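The annotation Fe cation binding site is assigned in TrEMBL to B:His87, B:Glu108, B:His125.
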Protein chains: 2
Amino acid sequence: MPSRLEELCVKKGLKMTDQRRVISRVLSEATDHPDVEEVHRRASAIDPRISIATVYRTMRLFEEAHVIDRLDFGDGRARYEEARTDHHHHLIDVDSGEVIEFTNDEMERLKESIASELGYDLIGHRLELYGVPRKRRADKSES
Amino acid sequence: MPSRLEELCVKKGLKMTDQRRVISRVLSEATDHPDVEEVHRRASAIDPRISIATVYRTMRLFEEAHVIDRLDFGDGRARYEEARTDHHHHLIDVDSGEVIEFTNDEMERLKESIASELGYDLIGHRLELYGVPRKRRADKSES
DNA sequence: TTATTTGCAAAGGCTTTGCCTCGGA
DNA sequence: TCCGAGGCAAAGCCTTTGCAAATAA
């Protein structure tokens with residue numbers, strides 16, 4: 001059965017090849033934020049007839065069709081996730097690399113308000129928080 | 001006379017060479033957020049005996065000494081500014097490329113609060129807004 | 001069929017690095 | 001003097017692209 005992303009692509013009029021179907025599926029099934037190499041790895045496991053160049057081309061295609069979002073966690077390579085309607089952000093656990101998603105209405109309101117005060121209409125934004133798990137007890141003893 | 005950045009570097013115990021002095025000066029005098037190539041261009045104008053490799057090495061050195069901050073506006077290359085004590089963010093005018101700096105106490109509070117709710121201590125964050133100048137009048141006629 | 005897409009390998013953009021010479025303290 | 005810094009060019013990493021063969025509609 002077609003993945004959610006594949007159906008979206010078809011709806012957008014994208015020509016669907018075997019490769020694009022596999023990549024759609026990989027992205028639909030992902031619960032993390034894979035980079036291109038990781039998408040290629042997962043796609044290859046399903047169908048080895050897929051080159052990294054095609055993955056790059058497909059990610060760009062999907063991004064331009066707004067069916068996926070490109071993320072940048074500051075490590076020099078692009079990460080991806082299925083496009084979503086909610087405005088959400090990411091908190092990166094710098095110890096484990098884990099990415100926690102969150103939404104925050106006040107944040108949405110605030111950034112609109114900031115842009116507005118500066119005389120701008122907002123067309124995009126990026127917010128990432130980098131943190132470490134909070135210690136249970138207040139121990140300032142640890143360096 | 002030494003630039004503000006040069007004095008800071010000395011205070012941090014960095015060995016100051018002619019190249020580093022020139023780069024310090026360029027960064028201290030900058031009111032924008034130059035990338036490495038631009039820093040190299042400006043430095044070369046002062047003293048041509050400066051290679052791009054040295055600029056890269058120096059930017060990294062300065063960054064690690066926390067006398068400059070590295071910025072990422074999502075265009076695939078690093079931008080820099082003198083380190084500052086205030087937490088400020090950037091609004092990028094996507095029409096002109098102009099970068100507007102802003103500070104916002106509510107934002108500072110909010111991100112701490114979000115991290116805290118998720119069980120994290122914040123050690124860093126990034127926020128950039130991308131916008132276009134707001135039209136004076138509400139005209140929805142323009143595409 | 002026929003315009004697209006893919007694979008492969010080469011190239012591109014930004015950044016780092018090896019190596020040897022130069023230079024600051 | 002002596003260890004670190006700089007210059008140059010090569011290499012590295014992620015990404016894009018030219019071209020010929022394969023393929024979707």
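Here the Cβ of each residue, glycine as well, is placed from N, Cα and C on the backbone.
Over all protein chains present, the Cβ of B:His125 (Fe cation binding site) has 21 other Cβ atoms lying within 10 Å. For chain A, the nearby binding-site residues by a Cβ gap under 8 A, listed in sequence order, are B:His125, drawn from B:His87, B:Glu108, B:His125. In this structure, B:His125 (Fe cation binding site) is part of a beta strand by DSSP. Secondary structure at B:Glu108 (Fe cation binding site), as computed by DSSP, is helix. For the recorded site, B:His87 (Fe cation binding site), the DSSP three-state label reads coil. Cβ atoms within 8 Å of the centroid of the Cβ atoms of B:His87, B:Glu108, B:His125 (the Fe cation site) belong to the same-chain residues B:His89, B:Met107, B:Lys111, B:Glu112, B:Leu122, B:Leu127, site residues excluded. In this view, B:His87 (Fe cation binding site) is surrounded by 13 other Cβ atoms within 10 Å of its Cβ, with every protein chain counted.
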